[in-house]
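Visitor: The annotation active site, proton acceptor is assigned in TrEMBL to HIS214. Residues annotated as NAD(+) binding site in TrEMBL: GLY36, ALA37, ALA38, GLY39, GLY40, ILE41, GLY42, ASP62, ASN122, ILE154, SER155, ASN156, MET265. The substrate binding site feature in TrEMBL is assigned to ARG109, ARG115, ASN156, ARG190. Residues or ranges marked as domain 'Lactate/malate dehydrogenase N-terminal' in TrEMBL: 31-182. According to TrEMBL, the feature domain 'Lactate/malate dehydrogenase C-terminal' maps to 184-347.
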Amino acid sequence: MMLRSIKSLATSPSSHILRRGYASEAVPDRKVAVLGAAGGIGQPLALLMKLNPLVSSLALYDIANTPGVAADVSHINTRSVVSGYSGEAELGKALEGADVVIIPAGVPRKPGMTRDDLFNINAGIVKGLCQAIAKYCPHVSIEILLKQALVNMISNPVNSTVPIAAEVFKKAGTYDPKRLFGVTTLDVVRAKTFYAGKAKVPVAEVNVPVVGGHAGITILPLFSQATPKANLSDAEITALTKRTQDGGTEVVEAKAGKGSATLSMAYAGAIFADACLKGLNGAPDVVECSYVQSTITELPFFASKVRLGKNGVEEVLGLGPLSDYEKEGLEKLKPELQSSIEKGIKFANQ
Ligand SMILES: NC(=O)c1ccc[n+]([C@@H]2O[C@H](COP(=O)([O-])OP(=O)(O)OC[C@H]3O[C@@H](n4cnc5c(N)ncnc54)[C@H](O)[C@@H]3O)[C@@H](O)[C@H]2O)c1
Ligand SMILES: O=C(O)C[C@H](O)C(=O)O
C-alpha cells in the first residue's frame, strides 16, 4: 500500500480558490468512488463530483453501463481523473484507495410504495457492496493510519441500510462508527427550500436542522431552530413539517412510475460528500446533518447535526431546544426508527 502524495497546486492560477478555508497549505489527493454511478442519481452525482476541486480521482462503478458515463464525464476539464468500472469483477479496483465511497446503488420507489418496500432488493445490494468496501477500502491514508473510507449511504431504506453496513463492517473487523453516514442532506435541502418560500426569506441564508431518520415521520425538521427567524403560525409549521416529510413521495408521484428524486438528490449527495472531503482535509467548522451511530437518544442510529473532521464524525451534536410539537414528533418517530434499525441488523446477521 502506498502513501499517496500531497501535491501542491501552488502553480495553478486557481490555487488560491482551492486552498481557501483549509488548515493545510496544500490540497491533498482524494479519491471518491460512486457505486451505482450509471443510475438516475449516479450520473448527475458523477457530474457534480467531477466539478469538485477537492477530488483528484473519481471512480465510477455500476453493474452495467459505466463505460459510457465515465467516458462522457471524463471529458470535463476539471482536476479529477475519471475511471469507469463495470461488473463485480471490477469492484475491487473501483474501491481501492478510496477516501469517500458514495452508494446510490439500488432500486427506487414507484407510486404507492414506502421506502421500506425497497428493503428486499436493496438490503442485499448494500450488503454485498459493503462486504467489498470492507475488503478493498482500508488503505494507508495521508495520516499513515489504516482507515476505511468514509461511506455515504444513499440507498433506501436509509434507516435500515446504514445499520446493515455497520453490521457488515463489524463482522469484517473494519467498523468505525465515525466513518459511516446515512445521507439525509436532501431532507435539509427540502426543509430550507420550503421554509424560505413560506417565511419569505432568502433561501441561501436559511438553516434548518433535520433530525431522526429518512422516511416519513422519522424525518423531523426542527423549524423552531430555523434561521433567519420568521413568525410562522402553528398551522404553517405543521404544513412545512408534513411537506418535508413527504418530499420524497411528492417527487415519486410527480414522476409517475419513472423513479424518485435524482437531480435534487445528486445535489444533496454532492454537498454531503464535499463536506466529508473538507473535514478530511482539516477545514474548520464543517457541520452537516447525517444519520450516524449516536447516543443523543436511546436509538443506536439517529440523524442530527454532526461536526466533520479528519476522522469523519468528530462530534455528534445534540438536538438543541425543541418546541412541544417537535418533542411530540420525536417520541412518535422512535418506534418506527427502532424497528427499521432492528430489521437491518437482523438481515445483516442472517
Ligand atoms: N437518501 C436519499 O435521500 C435518497 C434520495 C433519492 C433516492 N434514494 C435512493 O437511491 C437509490 C438509487 O436511486 P436511483 O434513482 O439512482 O435509482 P436507479 O435505478 O436510477 O439507479 C440505481 C443504479 O444502481 C445500480 N445498481 C444496482 N445494483 C447494483 C450493484 N449491486 N452494484 C452497483 N450498482 C448497482 C443500477 O444498475 C442503477 O444504475 C434508491 O434506493 C433510492 O430510493 C435515496
Ligand atoms: O422518496 C424516495 O423514495 C427517495 C428519497 O428517499 C427521497 O427522499 O426523495
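Each Cβ is built from the backbone N, Cα and C atoms, and glycine gets one as well.
Help me picture these features in the structure, burial and contacts included.
Guide: Neighbour density for HIS214 (active site, proton acceptor): within 10 A of its CB lie 27 other CB atoms from the protein chains shown.
Less than 8 angstroms from the CB of ALA38 (NAD(+) binding site) sit LEU60, ASP62, ALA64, ASN65, THR66, GLY68, VAL69, each of them six or more residues away in the same chain.
Every protein chain considered, the tally of other Cβ atoms within 10 Å of the Cβ of ARG190 (substrate binding site) stands at 26.
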Visitor: Looking only at GLY36, GLY40, GLY42, which of these binding-site residues has the biggest number of Cβ atoms within 10 Å around its Cβ?
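Guide: It comes out as GLY42.
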Visitor: Using the residues the record lists for NAD(+) (GLY36, ALA37, ALA38, GLY39, GLY40, ILE41, GLY42, ASP62, ASN122, ILE154, SER155, ASN156, MET265), what whole-number Å value is the largest Cα to Cα distance?
Guide: 18
Visitor: Which of the three DSSP-derived classes (helix, strand, coil) applies to GLY42 (NAD(+) binding site)?
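Guide: GLY42 (NAD(+) binding site) sits in a helix per DSSP.
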Visitor: According to DSSP, which of helix, strand or coil covers GLY36 (NAD(+) binding site)?
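Guide: Where GLY36 (NAD(+) binding site) sits, the three-state DSSP reduction gives coil.
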Visitor: For ARG109 (substrate binding site), what is the secondary structure state per DSSP, taken as helix, strand or coil?
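Guide: The residue in question, ARG109 (substrate binding site), is coil (DSSP, three-state).
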Visitor: Please state how far apart, in Å and to a whole number, the two most distant Cα atoms are among ARG109, ARG115, ASN156, ARG190, the recorded substrate-binding residues.
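Guide: Max span of the substrate binding residues, Cα based, is 18 Å.
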Visitor: Nearest to GLY36 (NAD(+) binding site) by Cα, among ARG109, ARG115, ASN156, ARG190, HIS214 (recorded positions)?
Guide: ASN156
